[in-house]
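**Student:** Structure below; questions to follow.
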Amino acid sequence: MAADQEQEQRRRLLDVASRFPLPSGCRFSYGTAGFRADGATMAPAVCRAGILAALRSVKLAGAAVGIVITASHNPIGDNGVKIADPDGGMMDQQWEPFADALANAPDPDALLQMVLQFVKDEGIPLGGHHTAQVLLGRDTRPTGEYLLDAALQGINAIVGAHAIDMGILTTPQLHWMVWSKNKGTKASESDYFTQLINSFRRMLELLPKDKGGYELAKKLIVDGANGIGGVKLEQIKAELSGLDIIVRNSGKEGEGILNHLCGADFVQKERVTPHGFGPEDVGVRCASLDGDADRLVYFQMSSSSDNKVDLVDGDKILSLFALFIREQLDVINNNGSQVDKSLPARLGIVQTAYANGASTQFLKGLGLEVVFTPTGVKYLHKKALEYDIGIYFEANGHGTVVFSEDFISQLESLSNDLSSQAANCSAQYHSAMRLMAATQLINQAVGDALSGLLLVEAILQYKRWSFQNWCELYSDLPSRQLKVKVVDRSSIVTTDAETKVSQPSSLQELIDKETGKNQINYIMQRNGSVLHSLKYNTRRVSAFDIQIVMSLQPTIPKGDALCVHLVQKMWYECMPRHLRRWKPIVLRNLWHTMWNAFLDNHLQPCLRFCLG
């Protein structure tokens, strides 16, 4: 970099860091969801994410990188920012430590020195031939426009960086645009919609004409979570032939609050209807998106007497996709026709330990390869890329299907060969064309509720399945989920993709003893730190999700006793060590006082029974 350019670069970084000082007491941490906090405190982190994204683009020879400003399914007062890599996926994990350090740089000088050192270590050619291009998108949150400006200022702090505001988008749209732009294909919002609409129409055109069975009702009610997904679905629903879509919680003024008593996360966790649904919707197929439309679940009200729902979560969406793809591959490779064509493909299913064990058993029973990763889309997506066709979903409804470039190339070649012969009316040809349409319909960059919804609808019509047929694919194992606050989350360590507890060792021994080694799938997923003051013990505490999934049919009292017993054990193991040295009688009295306060304030309100 020339001396004058270097001076200009230093000036810009110092200037932008001065305009966005780090709030007192705030500390940001970059995870699967990027940076996330109260929207009013996010500007410094978003500005620094802009710097980070620009540096990432320069590092990658000017490839387009994305920034999306959203807090997904979180309350409307929150906001966040995350970076999309050129492949449309999450930012490379190796850059996350620098992201943390940059976001928490205490003053402008520290930020400047940190950037200059990182640029040197990474060999990033600032001021060279490679400029940066960063695509920006945001959801409908009130703080979005303000934070967009902070991101723009961060990007512009890197000499030669170019920011492109793509507008108000779903998170998956922004990821798709980054992915498409770097592939050299059209990448506007209208291109996204055109691809979805045309590929969905093509899948309906390929429906078997002589297949008997249930005719799927056209009516579909979609809960848009009062977010951007509902807005976008309203724009295209008229062009989706074969579907009569009604959008509730669409984001229109007066309909409700973003993610409040609505959305995929609410429906999946609570198993009740979202706001705006009533007895008149009994028996109608319904779907729910989250606030930024990267999660999708289905549900149906079975009774007008209460608001409970029959839920189809991410596990059953994954299973539906796996069945469809497996069936098309079987037709292609075992066609029995005179045309000697095949399509070898390694199909892999990727889950986390949060998946209900019944789904795993079902998929393995089909002879499919099922593997586990730690919780987090970045782990799932990376593993899925190892297959010709990788399908991953979390139970919360976030997931997608990824097809390798080699597989798509072979599929195109096969389709072309079959179309030029008399075989273009064969079952093999139609299956190849259905797979080709599916590769266009699904968003391969990231989980996408809109593209996922359309693929679900096309497959249900193909299979002539009712919602009930889908629900009965397998029976979920009974499960209970509760949230437990502990003093030190680092004292609990898990292994084997979070399916076993390694520390404290006595905890796993207790689980095995209480339930039998093959009768429980026990996981703990770390959540972000939270502050809470217990009445008798004011300390920084952290949250764990504990899900206990038993393969036997337990009674509720037995389940309660087990939950409480395990939580008590965890509570003691995570107590400050100096308390354990107190005399037994003092410790016992303190223990009971603290435990009762904990039970009253936290355990009972957080306990959820999710019996399948």
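Glycine residues also receive a Cβ, built from the backbone N, Cα and C atoms like all the rest.
Pasting the relevant annotations from TrEMBL:
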type     : residues                      : note
DOMAIN   : 59-94                         : domain 'Alpha-D-phosphohexomutase alpha/beta/alpha'
BINDING  : Ser72, Asp290, Asp292, Asp294 : Mg(2+) binding site
ACT_SITE : Ser72                         : active site, phosphoserine intermediate
DOMAIN   : 129-180                       : domain 'Alpha-D-phosphohexomutase alpha/beta/alpha'
DOMAIN   : 186-297                       : domain 'Phosphoacetylglucosamine mutase AMG1'
DOMAIN   : 313-465                       : domain 'Phosphoacetylglucosamine mutase AMG1'
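Tell me about the surroundings of these features in the structure.
**Tutor:** Distant neighbours of the domain 'Alpha-D-phosphohexomutase alpha/beta/alpha' (59-94): 32-40, 42, 45-46, 49-50, 52-53, 122, 124, 130-139, 141-144, 147-148, 151, 155, 169, 171, 174-182, 225, 257-260, 263-266, 290-292, 294-295, 377-378, 381-382, 444-446; these residues of the same chain sit at least 6 beyond its ends, with a Cβ under 8 Å from one of its Cβ atoms.
The Cβ of Ser72 (Mg(2+) binding site) lies under 8 Å from the Cβ of Ala33, Gly80, Thr171, Asp290, Gly291, Asp292, Asp294, Arg295, each of which sits 6+ residues away along the same chain.
Mean predicted confidence for the domain 'Alpha-D-phosphohexomutase alpha/beta/alpha' (129-180): the pLDDT average there is 96.
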**Student:** Give me the count of other Cβ atoms within 10 A of the Cβ belonging to Asp294 (Mg(2+) binding site).
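**Tutor:** A 10 Å sphere around the Cβ of Asp294 (Mg(2+) binding site) contains 31 other Cβ atoms.
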**Student:** If you count Cβ atoms within 10 Å of the Cβ of Asp292 (Mg(2+) binding site), leaving out that atom itself, what do you get?
**Tutor:** 33
**Student:** Within the same chain, and leaving aside Ser72, Asp290, Asp292, Asp294, name every residue whose CB is within 8 angstroms of the centroid of the CB atoms belonging to the recorded Mg(2+) site, in sequence order.
**Tutor:** Thr70, His73, Thr170, Thr171, Gly227, Gly229, Ala264, Leu289, Gly291, Ala293, Arg295, His398, Ala449
